[in-house]
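Here is the structure we will look at, set down as structure tokens.
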Amino acid sequence: MHCARYSTGTCRSCQWLEKAYPQQLSDKQQHLEGLLQPHAVQRWLPVQPSAQSAFRNKAKMVVSGSVERPLLGMLHRDGTAVDLCDCPLYPSSFASVFDVLKVFIARAGLTPYNVARRRGELKYLLLTESTQRGTFMLRFVLRSETKLAQLRAALPWLQQQLPQLEVISANIQPVHQAIMEGKTEIILSEAAALAEQFNQVPLYIRPQSFFQTNPQVAAALYATARDWVAELNITSMWDLFCGVGGFGLHCASPEMRLTGIEISAEAIACARRSAEQLGLKQVEFQALDSTQFATGKAEIPELVLVNPPRRGIGSELCTYLSRMAPDYILYSSCNAESMAKDMTELTNYRALRVQLFDMFPHTAHYEVLTLLKREI
């Protein structure tokens, strides 16, 4: 993939861009195999590759420059702004949206936040696309509600120019830190969730719910989890750290008793909507802390699926799962190092199969799916 910004040295986010893509995959696989070498993996499956460009469904743009000539992209530590509207990681559909948003910022008088001076209102634009429908969710991250009335008043023009904007919101982030979003979210559009679909499973994305940024690879990851679970012929499972329900909804069947747990109420609302649309009667999603939920339950499902943040599931949950002893644990991880550490603490489990999913091309990061079986 050629990137003009990388060539000029103005953006080096894709640290592995000079490395041939097959070599990237080989290096990631070698890294993963090294981490899991102590665990005697029974079967390694081939790496799931990604498209090398235009694969991201989300843009997180720092807004800088002036209200008349805003820049959308990133800030270097020295305060230098780089416009990334032509970043090759984004699909071509993003370009026209960025063009209109720059005009809109000026029309609405949304002064870009100046980090050095601690002045201005508009900090970030967060743009997410639904690959199913070609529609978008747009979030304005503001320092305060000072410009909210101006934003509302100018929205009809924006919606006329960009009818593909399905969800629009304002997030209030008052802290002078490099934090992407605050707690307060104000929905400005009729719709509050962006509709998506992977493998004929409807999914919904609300402004503050997590969603994978590489739809092609995410769909393959969910489908693989579905296929592995189907082979086990089980009838009960937990989906911990479930997000909007991507894994659980793929694995569920009319006979499956599924409980999905996620701390984000926004994400749980999306998961429940999908389950209702699919007509799943034995599926329950709850907004709770996954570790507290699991350690407070007496019943034992046949399979526990975990998809934790980068820190992993942690010692407390590892200890409890080892004691609870479900037949299977399906572990999806965005940080193989924390997963390998957790696997060491999951006593009496062996790794049946492992597959790497290249969710983040041109970087050292990747996703991995591991199926663990309890030793009798």
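Cβ atoms are placed via backbone N, Cα and C, with glycine included.
Residues annotated as [4Fe-4S] cluster binding site in Swiss-Prot, with sequence analysis given as evidence: Cys3, Cys11, Cys14, Cys87. Taken residue by residue with DSSP, Cys3 ([4Fe-4S] cluster binding site) is part of neither helix nor strand, so it is coil.
If you look up Swiss-Prot, you'll see Gln212, Phe241, Glu262, Asn307 marked as S-adenosyl-L-methionine binding site. In three-state terms derived from DSSP, Phe241 (S-adenosyl-L-methionine binding site) belongs to neither a helical nor a strand segment and is classed as coil. Cβ neighbour count for Phe241 (S-adenosyl-L-methionine binding site) (all protein chains, 10 Å cutoff from its Cβ): 23.
The number of other Cβ atoms within 10 Å of the Cβ belonging to Cys334 (active site, nucleophile), over all protein chains shown, comes to 19. Residues or ranges marked as active site, nucleophile in Swiss-Prot: Cys334.
In this structure the C-alpha atoms belonging to Cys14 ([4Fe-4S] cluster binding site) and Cys334 (active site, nucleophile) are separated by 17 Å. The number of other CB atoms found within 10 A of the CB of Asn307 (S-adenosyl-L-methionine binding site), across every protein chain shown, is 25.
Taking the Cβ of Cys87 ([4Fe-4S] cluster binding site) as reference, residues of its chain lying under 8 Å away and at least six apart in sequence are, in sequence order, Cys3, Arg5, Cys11, Ala59, Gly73.
Proximity note: of the listed binding-site residues (Phe241, Glu262, Asn307), Asn307 have a CA within 10 Å of the CA of Cys334 (active site, nucleophile), given in sequence order.
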